[in-house]
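J.: Have a look at this one.
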């Protein structure tokens, strides 16, 4: 029995051992955890829990069964899931195990998610078990599964408009499908919340509507007269019904019905002289009302007809311009400005010549005769005629510009230049010759310029039988040349006239027409009236200027262009990007230009670069009219737009005018011998010509501070004078008082120096006129050389002259510089014993070696010849009379003394009688003489009070010296001194 029991125990132990071995075997970690290969998750921006599909569960085969049939088994660590690991950089998620035994887990956001930054996240995840042993060694990992997580949006942002405001312009009377589009955006990341589902016009009662896409249109036709601008407030909503954070302002301007025109054009443009070129249309553009344009052509014209001859040219005389342009000598000016030396144009109406060369008007009843000998043109040698002319359509009769005809009898026209039916015709009849054959006699040019009422420059180069015509620098050939026989031999003198033809009523000639209406009389170059049988015919109606004839040489093209060149005009600097797209052409004097192109933008850029330029130093102020004429061609010629002309003007402001100042010695004396010498007396030895301009400038900070310290707010600007250099064109020396007597006095000049400086001179008994454009320095040097001679000085004690210089044909005139020259007559030693003592009083220490008498006027010519002898006689008579009176006084003194002794009671009466007698003796004789002369001297002082302070100073000094001598000398010496003083006074008196 004991054996059998031991056997049972042994078997039980074996079974337990087997089970233990099985359990031990089960604790070994043989398998990896298992998870799904792909997970998809969703998370909301404001949540951290991710909803996964499928759920996150890890399985491990090492886990035993939960329940056994025969006994209960507890789980071991080898079957548990200890965690999940996420692989990736900056993954904002973490995985957490909820139940280790079941392997269930979740994915959570570590931080707050932002859909707007990242809508989706992708990363890998891996599960791992708890491993073997107490320390979890031999841990097993599952494969890596991919996780895709989408971040769901919340409507956290409101719509925002792209622009702060919107503007649009519409034309009245038109309904638009769309005027403009407003657009808002939403920062939300989802389609639902980031989309703008609706726009709305908040402003009530406006004729506009807006659709869901933001397009605004008008609901009715708009009127510019009713409302010129509408202001709308617009808002937006997203699809989450969030309203825009800020509404937007929309401005819709209504403009009148579109009319093609130039826009941005300023009608008044101010030009300041000396500033170079000025852009005329800097902001201008062409409005074509959206018409399809194929080409544009614009003409810009600068009108300057009011300025002299139509342009702001150098306003020197035409003769001076010929010299400046390089024309050779021999030019005769037939229409000079009226002067003492050229007076035949005095009777013609002019424009005063201050804005240009002198312009003369011929009204159909006036003409002038050119003095004989002015023109010695021989038709056998080349000659040139040049003239500025403005002529309207006129009548159908001949209108003569220049005519050379017989003075009497035959009325033949030798040569003439005239206008007939808008044709310019030159008549050129040849002189008698051996061959009586037909020769060219009339040259005809049919020109629009003759009748367009504008100024044009005409030059005819005549080299028989060829005649060339230049109009505004352009050559024109005659369209017709007619021939005629030469003139018959005759000894009749010819008469040159301007504005008509001179003819005699008794003669007959087919070339002339007799006018019965009375005209004005020509007297020494004045206007013409009927005189005897002589008549004027073929009167000119229009304006002429600068009529010149030059013999012996023709004008070349360079000189002609120079004469016509204008100092102001239009200019344009083409931008490089449009230079090839637009064509620009100028007329010869740049007073107009044309622009052609097919690109509107390029065309506008060229127009914006057109400028005005005036290169004159002293431009003529005033208005220059501007006109833009435009032609536009379109694809559909019938509906092509018409652009009206744009008009404006350039206002040239007043330039800073120069002040020409003449200064120097204006009063001096010379001996009679110098006047009578070969050289004569230099009139302007120290003449100085200076020209300045005065401008006002703002005071600087220091001066303003000083003004503030003085509390003087009136001084705000400082006047500054600046010396400038420019040319003179005329200086005139005239005699003040009696005219020059050619028999014994003259003004002398150095002709070689005159010619060397390119100047010309005309002289008369009134003085000299020096003309020609030259520098102030050259004029100054030449004026230093002018001398005055007088070889009959006995009748002369002073001469006065006046000098005036001018610039730009008299536009700027200097001051009147007056010079007085006194003649010192040296008395003979016998007649003037005391002359040596008085002579130093004549010397003015201010001046140089020459003896000057500044501030003194000598006696006039009527007394000068008798003054020395008369003074001597008066002195002798006075001395004799004085001696007689002294002797008579001695006798009376003795008699009075005896009476005093006889009657002492009446001593006082006797003393008074003595005084009375003494006064009678000593004073009365001199009073008779001195009162006479003192009254004359007072009259002289009143007349000569304008001679300057220097005269007053010297006179007062002389009077003081005279008083000292009289007070300090004995009676006999006092008489001698008075004789000297009387001689001095007598020699220096003027009347």
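Backbone N, Cα and C define each Cβ position, glycine as well.
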J.: Choose the correct range: of 487-507, 508-528, 529-549, 550-570, which one does TrEMBL annotate as region 'Disordered'? Give that range.
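T.: So the range that TrEMBL calls region 'Disordered' is 508-528.
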J.: Between 848-869, 870-891, 892-913, I'd like to know which one TrEMBL lists as transmembrane segment.
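T.: Feature transmembrane segment in TrEMBL: residues 870-891.
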J.: Count the residues of the domain 'Cadherin' (162-262) that DSSP assigns to helix (H, G, I), to strand (E, B) and to coil, and report the three numbers in that order.
T.: 4 helix, 45 strand, 52 coil
J.: How does the domain 'Cadherin' (35-161) divide up by DSSP, counting helix, then strand, then coil residues?
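T.: Computed counts for the domain 'Cadherin' (35-161) are 3 helix, 57 strand, 67 coil.
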